[in-house]
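**Q** Straight from Swiss-Prot, here's the annotation block:
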{"type": "TOPO_DOM", "residues": "1-69", "note": "topological domain 'Cytoplasmic'"}
{"type": "COMPBIAS", "residues": "43-59", "note": "compositional bias 'Acidic residues'"}
{"type": "TRANSMEM", "residues": "70-90", "note": "transmembrane segment"}
{"type": "TRANSMEM", "residues": "98-117", "note": "transmembrane segment"}
{"type": "TRANSMEM", "residues": "142-162", "note": "transmembrane segment"}
{"type": "CARBOHYD", "residues": "N187", "note": "N-linked glycosylation site"}
{"type": "CARBOHYD", "residues": "N213", "note": "N-linked glycosylation site"}
{"type": "TRANSMEM", "residues": "226-244", "note": "transmembrane segment"}
{"type": "TRANSMEM", "residues": "253-270", "note": "transmembrane segment"}
{"type": "TRANSMEM", "residues": "306-323", "note": "transmembrane segment"}
{"type": "TRANSMEM", "residues": "335-356", "note": "transmembrane segment"}
{"type": "CARBOHYD", "residues": "N383", "note": "N-linked glycosylation site"}
{"type": "CARBOHYD", "residues": "N394", "note": "N-linked glycosylation site"}
{"type": "TRANSMEM", "residues": "453-472", "note": "transmembrane segment"}
{"type": "TRANSMEM", "residues": "496-514", "note": "transmembrane segment"}
{"type": "TRANSMEM", "residues": "530-550", "note": "transmembrane segment"}
{"type": "TRANSMEM", "residues": "571-592", "note": "transmembrane segment"}
{"type": "TRANSMEM", "residues": "620-642", "note": "transmembrane segment"}
{"type": "TOPO_DOM", "residues": "643-730", "note": "topological domain 'Cytoplasmic'"}
Amino acid sequence: MPKNSKVVKRELDDDVTESVKDLLSNEDAADDAFKTSELIVDGQEEKDTDVEEGSEVEDERPAWNSKLQYILAQVGFSVGLGNVWRFPYLCQKNGGGAYLLPYLILLMVIGIPLFFLELSVGQRIRRGSIGVWNYISPKLGGIGFASCVVCYFVALYYNVIIGWSLFYFSQSFQQPLPWDQCPLVKNASHTFVEPECEQSSATTYYWYREALNISSSISESGGLNWKMTICLLAAWVMVCLAMIKGIQSSGKIIYFSSLFPYVVLICFLIRAFLLNGSIDGIRHMFTPKLEIMLEPKVWREAATQVFFALGLGFGGVIAFSSYNKRDNNCHFDAVLVSFINFFTSVLATLVVFAVLGFKANVINEKCITQNSETIMKFLKMGNISQDIIPHHINLSTVTAEDYHLVYDIIQKVKEEEFPALHLNSCKIEEELNKAVQGTGLAFIAFTEAMTHFPASPFWSVMFFLMLVNLGLGSMFGTIEGIVTPIVDTFKVRKEILTVICCLLAFCIGLIFVQRSGNYFVTMFDDYSATLPLLIVVILENIAVCFVYGIDKFMEDLKDMLGFAPSRYYYYMWKYISPLMLLSLLIASVVNMGLSPPGYNAWIEDKASEEFLSYPTWGLVVCVSLVVFAILPVPVVFIVRRFNLIDDSSGNLASVTYKRGRVLKEPVNLEGDDTSLIHGKIPSEMPSPNFGKNIYRKQSGSPTLDTAPNGRYGIGYLMADIMPDMPESDL
């Protein structure tokens, strides 16, 4: 190199001697600087602005105020309405206490590893679901778009359930509760009980007729239900206001929305234990039926529940974790949140069956009283001989044990005539075996139980306020799974995007507040999420393990966590989880194919539910929900594979860091190029290859040398490579 070259002069003046290769070999200095810089997302051009080290600069990408706030957000997202009204039903249906064993096994094999995977990629790359999968491979960017579509489909109908809860909450401030008794109908001559209510029950009538004013089929829209329209609007306004500033606004609400449901559940459990029959309900719940546990259907339903309970594939988990510090222990978070979710489900199951045990006891006492009166009538009429009734039994004040004794005697003596007597066995187990889930549990069975509580309005207010908070916690994560990826990718303002999303969702959601809206909720719940989310998570697993590389990913985790994660995760991610997810997908497709597509319609004349098949247009909608949700995956792959559009979303130009200002050199993630850093302090930018540090130090000195202008940039590197180039060109 000529002595008078500008590069030599720089070396003499500024003690700069590193070549491009030397610069790329620096490691220690970059590692030190890693801890002093913070990630922001910025789509603007780089600014030649000096920022003093240690100066207070507000990050453009928000961060959690505390670890507790983050954990509560993840818990609020994963613990939702399904924990209260689906897990108890599955537990009862699939062997009682024995169901907990397959659930725990699948939680360890599928749940925690995949939850840990989503947390770690979000925290490492610090983007939403679209950016994360673009980063790993631009051809797989459709995975993130598919997550957003599924999130939006789910948000459309999930917020309707919050609207229903708001309606019941608003109606709970009266004594007696409006669903306590059947309404009376008056005409010119006399007063009588509403026939539809008399044939069903007061709570069933109130749900279908007063709340939903439901039509007889999905084809009869019946117009909008104005009461539910107002409640849906209120629900979306609440979500919009809570999410308009992202985690900066929702983070403050999370403390209440995540913790309040636990307060209510514990209060309900204590209150239920003081009521007659609660122990019967819990005993019935946890009596194991081991023979059922070996059925394949039990394991399929347990795997599906684990999958959806943790919110896998929605993108909310990735979005929340993207606001974490890079060195956060996401493995601890995955295990903690997973087991909190499990114990919440068990707690909710205890509460549900303690309350249903009390309800069954009340109904059983009424049954015994009514049937005892019927037996006394038969005794007076001579249909039954007084001699067969034991002398120590008084049918006027009969106990359950004595009634069952009399019932068995009459059944044996009057064997041929017994069916004509229309006597009921009045066994509490039969009442508890009437499995209910979903809206049937929350808005019919549980509301009926609360009418028998002392101070029933108070408990009703608490219960439906709990449902609102459970729903909002899940909605925050769902909306975050939509907004964060789009903001990161397209650089739109979060406030504007949030308002547009909520406004559009309310307008589309009007189909759910028609008189036939409940049938559309069932349709979306059955078809919009199950298959698409399974496909999304399978592709996530493949992307990390086989496209990016499981070995490099394990190195990244070691770099982030400060310790090597157990090899257990290596084998789960690479072998076990993909096989189990594929098996679950096949089983779900087979089950969906064997189950006739339809819904339970409320028939007013019969005052009962009746299964109806979807009309042709309904089948088209069902198929469209699945296709539209998963369509972004092949579309993005084809577009990127054949370069059909000029797209730079595979670059890292959108990721910048303050404190040392400013990283801005696009890098193709599919190539081996290394990004270039501009600034006085090397930044904490994720490298295109997770397992490699961008800088490597040659001499081991504590600081990384810079050019005279304080930059690492194109000009400085080119000066070292091409010394004869004019300085103005550098």
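Backbone N, Cα and C atoms are what each Cβ position is placed from, and that goes for glycine too.
Because the structure is a prediction, the values reported are computed rather than measured.
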**Q** If you measure from the Cα of N187 (N-linked glycosylation site), which of the glycosylation sites N213, N383, N394 is the nearest?
**A** N213
**Q** Test of understanding: give the count of other CB atoms lying within 10 angstroms of the CB of N213 (N-linked glycosylation site).
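**A** There are 16 such Cβ atoms around N213 (N-linked glycosylation site).
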**Q** Measure from the CA atom of N213 (N-linked glycosylation site) to the CA atom of N383 (N-linked glycosylation site) and give the result in Å, rounded to a whole number.
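**A** Spelling it out, the Cα of N383 (N-linked glycosylation site) and the Cα of N213 (N-linked glycosylation site) are 45 Å apart.
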**Q** Mind checking which residues reach the transmembrane segment (253-270)? Cβ under 8 Å, same chain, six or more beyond either end.
**A** 69, 72-73, 75-76, 79, 242, 344, 347-348, 350-351, 354-355, 459, 462-463, 465-466, 469-470, 472-473, 476
**Q** Note down the number of other Cβ atoms within 10 Å of the Cβ of N394 (N-linked glycosylation site), including every protein chain shown.
**A** 11
**Q** Looking only at residues six or more beyond either end of the transmembrane segment (530-550), which have a C-beta under 8 A from one in the stretch?
**A** 114, 117-118, 121, 133, 136-137, 140, 143, 146-147, 149-150, 304, 307-308, 312-314, 570, 573-574, 577-578, 581-582, 584-585, 588-589, 592, 626, 629-630, 633, 690
**Q** What is the Cβ neighbour count of N383 (N-linked glycosylation site) at a 10 Å cut-off, with all protein chains included?
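**A** Its Cβ has 13 other Cβ atoms within 10 Å.
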**Q** With the transmembrane segment (453-472) as the reference, which stretch in 98-117, 226-244, 306-323, 496-514 has the largest tally of C-beta pairs below 8 Å?
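**A** Against the transmembrane segment (453-472), the leading stretch is 226-244.
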**Q** Going through 306-323, 496-514, 571-592 one by one, which has the most CB pairs that fall under 8 Å from the transmembrane segment (226-244)?
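**A** The stretch with the most contacts is 496-514.
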**Q** How many Å lie between the Cα of N213 (N-linked glycosylation site) and the Cα of N394 (N-linked glycosylation site)?
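**A** So the alpha carbons of N213 (N-linked glycosylation site) and N394 (N-linked glycosylation site) sit roughly 45 Å from each other.
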**Q** Answer with yes or no whether the transmembrane segment (306-323) touches the transmembrane segment (335-356) by the criterion of at least three Cβ pairs under 8 A, sequence separation 6 or more.
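**A** These two segments touch.
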**Q** Tally Cβ pairs under 8 Å between the transmembrane segment (496-514) and each listed stretch (70-90, 142-162, 306-323), then give the stretch with the top tally.
**A** 142-162
**Q** Measure the Cβ-based neighbour count of N187 (N-linked glycosylation site), defined as the other Cβ atoms within 10 Å of its Cβ.
**A** 7
**Q** Check the topological domain 'Cytoplasmic' (643-730) for me and report the mean pLDDT.
**A** 42
**Q** Work out the three-state DSSP category of N213 (N-linked glycosylation site).
**A** coil
